[in-house]
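When I checked Swiss-Prot for this same protein, it listed these features:
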| type | residues | note |
| --- | --- | --- |
| REGION | 1-81 | region 'Domain I, interacts with DnaA modulators' |
| REGION | 81-155 | region 'Domain II' |
| REGION | 156-377 | region 'Domain III, AAA+ region' |
| BINDING | Gly200, Gly202, Lys203, Thr204 | ATP binding site |
| REGION | 378-500 | region 'Domain IV, binds dsDNA' |
Amino acid sequence: MVNASGDPVIEAAHIWSDTLTVLKHSASLSPREKGWLEGVVPEGVFGSTIVLCVDNNDTLQAIQGDLNDSLLQALRTVTGENMFPAFKVVPKTEPEPLSAAKPAQPYPSEISPTVAEFGKESYGAKPVAAPREPMPATESQFPVGQQKMNRDPETHLNKNFTFDSFVPGDSNRFARTVALAVAEGSGQDFNPLCIYGGSGLGKTHLLNAIGNYALVKDPGLKVRYVTSEEFTNEFIDALQNPNQSQGQIAEFNRRYRQVDVLLIDDIQFLGGKEATLDQFFHTFNALHQANKRIVIASDVAPKNLKGFEARLISRFESGLTVDVKPPDLETRIAILRMIASMNGSKIPSDVLDLIAERFTENIRELEGALTRVTAVASLSNQPVTRALAEQTLQDFFTTDVEIKPTDIISQVAKYFHLTFEDLVGKSRTKNVAVPRQIAMYLAREMTSMSLMDIGQVFGGRDHTTVMHACTRISDRMQQKQEIYNYVMELTVRLKQSNTN
């Protein structure tokens, strides 16, 4: 099944072109599903693996999810044998939207997504209201101050993330204690250590702290921090050149199997990547048998990882699994004090208390709120006071004004260029389903209605459907900036429309 040219790039282009034709004529795929395939770019064929590039995680998840079986079948039809796709996420480089450069325009009316735009990769790069974006972009799971990423080129560790800058509390104290034991080399019984919890709760901070402390104890150690995406891309790169692939694979194996401490972040994103998981399995075994330290972080417990073979999950569970939870009030206040101290800012206690009381989900929320307050104070030449903080953050605080669910549906429909009937109707396409879930979430957050009553308003849906929608949007707000922006912008608009 090798193209006459012998060129893996040309071969991939031919295979993908034919595969795309097969998929486009498939009656089982919706136009929306076929649309996900348009932005896929073939990079090369290496044995039974075709490397495909996508420009964002939404496309990746769609293709690896609902489209996976259809894609495998189409590849089999075209090539006459089993061929497996390996994906690389290669973000597009796009110019900054003009609307983001106009802070004087607080509510750009023309940047709400149309039905055709909603969910497309090109739209995800645009914040809904750039001047009101509540949180700064950050690479860390547990940000402490507005510090630049200080990543070591060899170990990939962020030197700013240490145990000293990690604020302990009831929600994370056990995880920190175990992590410190692993870093000191006294936690042999905890190998591997698996840390899991929601986004923004400190997992990445702990991984980096382990590596940094281990090097302080023994500078001769070989330590490597890597995300699952980086591990995948390095493995795919090692396969790229057919003339040198054996040497590159050997180099890849040496790089990872000779480390003393391996720290791998966001392991859940390896799910379903069969070739990469097989490589990681052998890497894991080699390190574990050599008594090397392995620490992994995930958003779910090992037993709940999707797309992982039982043999790998059982190895994860053979060590110790610990979780990190959202911080309690005292810990949130302590975190804010740490952030302020590292920024060299003096923030009154009543301001820190206010922010800690109102922002409860994760550390990113806390830092974003504190950053917004200090920025407004600095730009307006005012001292940081509780009154200023309340005024600055009022858009994100709850209101005593009762908002009608029909107002929420109407506002969400208008925002996404849909109709009221679309949101209460039966359509399950993504460009309707996601706005509907957002509307249900807002109805739950901004009204006193029960889940059952909300379901009745949305076309007589079951209360479990509403519960699923609320959980889904709550989770995605932590994972995807654009979803967070949508909800915050709609919250502001609804509150304003009810106070006018």
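Keep in mind that glycine also has a Cβ here, set from the backbone N, Cα and C atoms.
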Using a 10 Å radius around its CB, how many other CB atoms surround Gly200 (ATP binding site)?
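Within a 10 Å radius of the Cβ of Gly200 (ATP binding site) lie 24 other Cβ atoms.
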Just checking, which of Gly202, Lys203, Thr204 (binding-site residues) has the fewest C-beta atoms within 10 Å of its C-beta?
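So among Gly202, Lys203, Thr204, the binding-site residues given, the one with the fewest Cβ atoms within 10 Å is Thr204.
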What three-state class does DSSP give Thr204 (ATP binding site)?
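Looking at the DSSP assignment, Thr204 (ATP binding site) belongs to a helix.
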